[in-house]
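Swiss-Prot has this to say about the protein:
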| type | residues | note |
| --- | --- | --- |
| BINDING | Asp415, Asp416, Met417, Gly418, Leu419, Gly420, Lys421, Thr422 | ATP binding site |
| COILED | 3-28 | coiled coil |
| COMPBIAS | 7-29 | compositional bias 'Basic and acidic residues' |
| COMPBIAS | 32-54 | compositional bias 'Polar residues' |
| COMPBIAS | 70-95 | compositional bias 'Polar residues' |
| COMPBIAS | 97-107 | compositional bias 'Basic and acidic residues' |
| COMPBIAS | 120-131 | compositional bias 'Polar residues' |
| COMPBIAS | 150-160 | compositional bias 'Basic and acidic residues' |
| COMPBIAS | 865-875 | compositional bias 'Low complexity' |
| DOMAIN | 402-557 | domain 'Helicase ATP-binding' |
| MOD_RES | Ser2 | N-acetylserine |
| MOD_RES | Ser117 | phosphoserine |
| MOD_RES | Ser164 | phosphoserine |
| REGION | 2-30 | region 'Mediates interaction with RPA2' |
| REGION | 5-30 | region 'Mediates interaction with RPA2' |
| MOTIF | 506-509 | motif 'DESH box' |
| MOTIF | 601-618 | motif 'Nuclear localization signal' |
Amino acid sequence: MSLPLTEEQRKKIEENRQKALARRAEKLWAEQPQSTASGSSAARPSQCKQNSLLNLPAEPSKPEGHATISKGQNLNNSLPAAQRPHSSPCFQPSTAEEAKGLWKSEGKMSAACPNPSPPEVSNQQLLGSKSSEGHPQATQDTAASCPRPFPRDPKLEAKAGRPSTSGQSISDTFYALGEKTPKTDGRPAKALQTSPQKASCLRGMCLRTGDRFRVKIGYNKELIEVFKSLPSRRYDSFTKTWDFSMSDYRALMKAVERLSTVSLQPLEEVDGTGGQTSLPSAPSLTFVTGRCMLISRARFEVDIGYSEVVIALFKQMESRNYDPKTRKWNFLLEEHNKLIARSRELKQVQLDPLPKTLTLAFASQLEKTSLQSKADVPEADLSGVDAKLVSNLMPFQREGVSFAISKRGRLLLADDMGLGKTIQAICIAAFYRKEWPLLVVVPSSVRFTWEQAFLRWLPSLSPEDINVVVTGKGRLTAGLVNIVSFDLLSKLEKQLKTPFKVVIIDESHFLKNIKTARCRAAVPILKVAKRVILLSGTPAMSRPAELYTQIIAVKPTFFPQFHAFGLRYCDAKRLPWGWDYSGSSNLGELKLLLEEAVMLRRLKSDVLSQLPAKQRKMVVVNPGRISTRAKAALDAAAKEMTKDKTKQQQKEALLVFFNRTAEAKIPCVIEYILDLLESGREKFLVFAHHKVLLDAIAKELERKNVQHIRIDGSTPSADREDLCQQFQLSKGHTVAVLSITAANMGLTFSSADLVVFAELFWNPGVLIQAEDRVHRIGQTNSVGIHYLVAKGTADDYLWPLIQEKIKVLGEAGLSETNFSEMTEATDYLYKDPKQKTIYSLFQQSFEDDGNDMEFLEAAESFELGSTSGTSGNSSQELGDITDENALADSPPKKRRFEFFDNWDSFTSPF
């Protein structure tokens, strides 16, 4: 809907229209070829007759104001001799009395003058003009018989910047035949001729943009040379136009005049001297829209299209700053409300303010001119907490506790892995000990680790005060501290009627999908809890959308509707089947919002300079160790993935390919491990995912009499800490054979300095957590991390997928890890079209999977032998390395593929 025009705008438009008509009339006259002086004189009488009709005043006695004349009669010939003009070249009655006498003397005139169209010129007149060509008398007679032209308007001419002349007017030219008779003053007139129009002329125009002007024209080699000769030249490769400073305007126009093949229309608001005229420019009616975005804790940026009105508004702000790199303006937060209020007064500008969530989070910056530093958080009084715990806190850990207390015990503690989130969470919970009982929800593999941590750091607690729920029949409120796993929490919903005021959620990224059972069970608890402490080393495992549940758990009033969050931070797109929230946008603003109101995150590089950096290396294992039969199985599995199948069948084919990769890499992995032992490596970790690979590694270490431990999904939680201590205190060659998914959290192996990944995993967060089993507090050596990659396997597609996901985390400030920058030999990508197709399937399967744990369960329970029927031949392919029944050790389970991506219909439970 267009905006209504104001009275001033209508007046300006009407003035500009009149000026345009005048310029158009002058242009039409200029385009007509000039004839000789006598020819112009011959046509002049007819023109003068018409002009005399137009300039005669209406008869006073006629109410309609129309004049009447006889058809075909010459008005000058019918006038009395006394009234005919002689000395003056033109005639017009000057008074009402003279006009009345004139009309009375012409009483026989009967035809009315219908319109001011030009009269026709007879052939006799044209012949007469030719016969008198070049004679002064003919010109004088013509000039003497010409009546006075239209009365001129000196004010209009002054506005137009053109001098007033006594010759023919613009309207005179427009309504005549486009010819102009020069003033002779009794002397012979020279013939005026114009050069013929250029046959092939390149036409263009100049357009004003602020203090510069640009030229819109096609390509011309000579013109380009002229452009390059001007010092203020600037070429825009995107629009393919040249622009210059106004100081070069005159030089450009003079140079273009010398080019015979170029015609350039000048600027309308600039005269021949290069300066501006007094013509007022019409107001800009272009409607522009924009929005505000946060770029720091103190400043915000405006993303909006170009408009002179907007620029004028920006220049009214005292804190304005223009960034030439981004070509955007930014201001202090304290001027946000002022800018928005003034923008609403402009009808052609729509500027969206910062979301209400941001204005609430940064309320102090919006009201104050001074910015409060994050380091100004007051130190909390921890005198009521056990002295042993307080004395063991590092300075940055004590700052984390103070930050949490300043947020009233509601935060997402997202410190990097290995920085002691557990001890900080226990200290925060102990500060609110009067509000206990305490509920601690953790992954099942670290339940007993948390029990030992409470007994270690809080001597005031007795073992009877801690209740670890082991089965679904256990009591959730039996102790002062109650520890339960995510899976058991969903089975104890009936016992959740008694609210907990203090809740700790370890690895809170497990709650990334509201559709899962564990999330539905945890959300009601967090809703009624007074203190909520979320712990996560990787708060956004894959996509910013996965942060939403954690944000509303800490701040229920932030983004009550997920759609608003998705539009701003997930690059939400509407597709035929619904909204897609899998993207990411405004990650910098999201990071600032989280750090200000929800999240505290410190990286190892920020707080522990003595902690050695990780040194990653991608090792391409010898493909010759892969047997021919294994290669054939891989090729067959890859071929099955490229066929047109349903989504369920594609995921099953993907799992087959994933399992075949583990089987094919067994000889290569074992060879690499034996080489490490022979080279003098004493203690290191080996991570794998498939049971067939873990079994093969453990069997080979037993055959070589190498001391080792093994922790996988079948290892009881109570035994894992003992195995970890056994490895830490061991001497000599010791290898820890670990499952990527079962031993990637809650365990410390800081006595080792090398981690070997025999397999890759699609989720980079899981890989980073596994790395940090060694890269933890207490580590004094440089940590080496080796990723074993085999060409022609699933590694071809998993490695670039990991790099892409870790890049998104880095942009959001949620990971300091960059596989591309910190890993040696990263140029390992798919090459042929078939590989690209398979990579797309990997990417779609793992990104569309709303819950990695559901897909992980399907991968763990997938029985390769029941699908391929080749378990009996596997031992022959692998020689002495594998057991005959290695592929059939896992009990068959029901395959499950559950995906939860229906974010568009989700509304915050708060």
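Every residue gets a Cβ built from N, Cα and C, even glycine.
Sequence-distant contacts of Lys421 (ATP binding site), defined as residues of its own chain at least six apart whose C-beta falls under 8 angstroms from its C-beta, comprise Leu413, Asp415, Leu535, Gly537.
Using DSSP to sort the residues of the region 'Mediates interaction with RPA2' (5-30) gives these counts of helix, strand and coil: 24 helix, 0 strand, 2 coil. Regional average pLDDT for the motif 'DESH box' (506-509) in the model is 86. A sphere of 10 angstroms centred on the C-beta of Leu419 (ATP binding site) encloses 26 other C-beta atoms.
As a summary of secondary structure, the motif 'DESH box' (506-509) carries 2 helix, 0 strand, 2 coil according to DSSP. Note: Thr422 (ATP binding site) has non-local neighbours Trp450, Ala453, Asp506, Leu535, i.e. same-chain residues 6+ apart with C-beta under 8 A of its own C-beta.
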